[in-house]
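Asker: This is the structure, below, for whatever I ask next.
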Amino acid sequence: MKTLPLTLVVVTIVCLDLGYTLTCLNCPEMFCGKFQICRNGEKICFKKLHQRRPFSLRYIRGCAATCPGTKPRDMVECCSTDRCNR
């Protein structure tokens, strides 16, 4: 009898939308294992590749409110699901 109220509480907590926070990878290496929790308003994960000189790439990853712009020799990929900026 006591398990029914407990079950209802658990189901209610699981079903409620308690707020969704996006997580994105955030490190300068090619293979990244670190991630960050995005702040309120940041709904985009991005990966920017910048070619500094031939055969030298710099990786920049993180959260953003909008997809970052590009400059010459940059490539930017944006996405909107957890850890999608691999």
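Count begins at 1; order follows the chain as displayed.
A Cβ is built for glycine as well, from the same backbone N, Cα and C atoms used for every other residue.
Annotation comment: Swiss-Prot describes Cys24-Cys45, Cys27-Cys32, Cys38-Cys63, Cys67-Cys78, Cys79-Cys84 as disulfide bond, evidence class similarity to another entry. If you look up Swiss-Prot, you'll see 1-21 marked as signal peptide.
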Asker: Long-range same-chain neighbours of Cys32 (disulfide bond), Cβ under 8 Å, sequence gap at least 6?
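Answerer: Sequence-distant Cβ neighbours: Leu25, Asn26, Tyr59, Arg61, Arg86.
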Asker: I'd like to know which of the disulfide-bonded residues Cys27, Cys38, Cys63, Cys67, Cys79, Cys84 sit within 10 A of Cys45 (disulfide bond) at the Cα level.
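Answerer: Cα filter at 10 Å returns Cys38, Cys63, Cys67, Cys79, Cys84.
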Asker: Over all shown protein chains, what is the count of other CB atoms within 10 A of the CB belonging to Cys79 (disulfide bond)?
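Answerer: Result for Cys79 (disulfide bond): 16 other Cβ atoms within 10 Å.
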Asker: Please list residues from the chain of Cys84 (disulfide bond) whose Cβ is under 8 angstroms from its Cβ, counting only those at least six apart in sequence.
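Answerer: Those within reach of Cys84 (disulfide bond), by Cβ under 8 Å and sequence separation of 6 or more, are Cys24, Cys45.
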Asker: How big is the Cα-to-Cα gap, in Å, between Cys67 (disulfide bond) and Cys38 (disulfide bond)?
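Answerer: Cα-Cα, rounded: 14 Å.
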Asker: Near Cys67 (disulfide bond), how many other Cβ atoms are within 10 Å of its Cβ?
Answerer: 15
Asker: Does Cys63 (disulfide bond) have same-chain partners at least 6 apart in sequence with Cβ under 8 Å from its own Cβ, and which are they?
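Answerer: Listed in sequence order: Leu22, Cys24, Asn26, Gln36, Cys38, Arg39, Glu42, Ile44, Cys45, Phe46.
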Asker: Take the Cβ of Cys45 (disulfide bond) and count every other Cβ within 10 Å, whichever protein chain it belongs to.
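Answerer: By my count, 28.
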Asker: Identify which of the disulfide-bonded residues Cys24, Cys27, Cys38, Cys78 has its Cβ surrounded by the largest number of other Cβ atoms within 10 Å, counting every protein chain shown.
Answerer: Cys24
